[in-house]
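Below is one structure, written out as structure tokens; the observations come after it.
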């Protein structure tokens with residue numbers, strides 16, 4: 001699924017020269033920032049490495065950025081890879097043996113590590129040792145390699161898919177949450193200054209309200225609205241040009257797009273509001289289940305349009321009202337039951 005409101009990273013997002021380098025520049029996630037400052041300061045004062053850190057939560061909230069910031073704050077090199085890229089034990093060994101003291105190894109999508117690689121990672125995280133097999137057959141022998149004290153930072157959007165053994169080895173687990181409108185305005189205002197964009201307060205507010213609580217989406221929308229402003233001869237990005245551009249991008253007043261409407265209308269039209277299983281929804285919409293669970297559902301659940309139940313997905317009264325559709329009696333009964341159980 002590729003669209004303007006996808007929280008997943010795209011190649012175009014990487015061109016923005018606005019990534020903060022230190023915690024004081026990072027907007028939002030205030031409690032995480034404050035705690036990280038304490039943990040980093042304490043590790044430095046003891047002349048120790050920072051404990052292994054796990055960032056989890058919806059995509060687009062700053063997990064990679066925070067990993068790079070930690071590297072800058074502790075003064076180590078930053079090495080980056082992804083779970084699916086580490087196929088064999090030898091791949092992991094090559095990465096680990098090239099680390100230096102206080103380096104940060106960032107593994108994105110760490111929930112996608114295969115079991116064999118994950119088991120080798122345990123001793124590297126706990127004991128800073130790596131056991132590798134040299135040779136084959138009867139000539140094979142195990143060699144223990146001592147690793148420098150490094151910090152592993154894992155990132156995942158699927159916390160529940162991590163094994164307990166891997167989760168327990170992270171001394172600093174941190175959940176990143178969606179941003180509120182004011183925080184997104186701060187992100188946009190900072191970016192507009194760095195990109196030399198004249199963004200009004202009303203324009204910033206309009207983009208922030210429709211960015212699904214996600215900085216990556218807010219910055220992407222800012223770039224696209226800048227395009228509309230340039231072509232339209234506008235020197236300033238205000239509420240009017242934002243509203244025009246966002247309508248052209250089919251982003252509605254609360255940040256929903258055509259993919260969200262397809263999802264909601266399928267449940268409303270075909271199942272009277274639900275419940276309906278996620279596999280059925282994915283098949284009907286020709287989407288992967290993971291895509292729905294990671295890019296569409298989190299925001300719809302956050303704003304109260306969808307509920308996950310043991311029997312499947314249910315859309316709420318608020319969803320019917322936003323769709324401007326009548327509420328079926330069957331669904332009304334289900335909503336009453338759900339509300340009583342909350």
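Yeah, the Cβs are placed from backbone N, Cα and C, and that goes for glycine too.
Annotated ATP binding in Swiss-Prot involves 18, 19, 60, 63, 64, 65, 126, 127, 128, 169, 179 plus, out of the candidates 216, 220, 223, the residue 216. Highlighted in sequence order, 277, 278, 281, 292, 293, 297, 312 have their Cβ within 8 Å of the centre of the Cβ atoms of 289, 308, 313, the residues recorded for DNA, and are not part of that set. Residue counts for the region 'Small ATPAse domain (RuvB-S)' (180-250) under DSSP, helix first, then strand, then coil, are 50 helix, 2 strand, 19 coil. Assigned with DSSP, the residues of the region 'Head domain (RuvB-H)' (253-342) fall into helix, strand and coil as follows: 56 helix, 9 strand, 25 coil. Cα-Cα distance from residue 128 (ATP binding site) to residue 308 (DNA binding site): 41 Å (rounded to the nearest whole number). A helical conformation is recorded for residue 126 (ATP binding site) in the three-state DSSP classification. In this view, the densest Cβ surroundings among the binding-site residues 128, 179 belong to 179, judged by other Cβ atoms lying within 10 Å.
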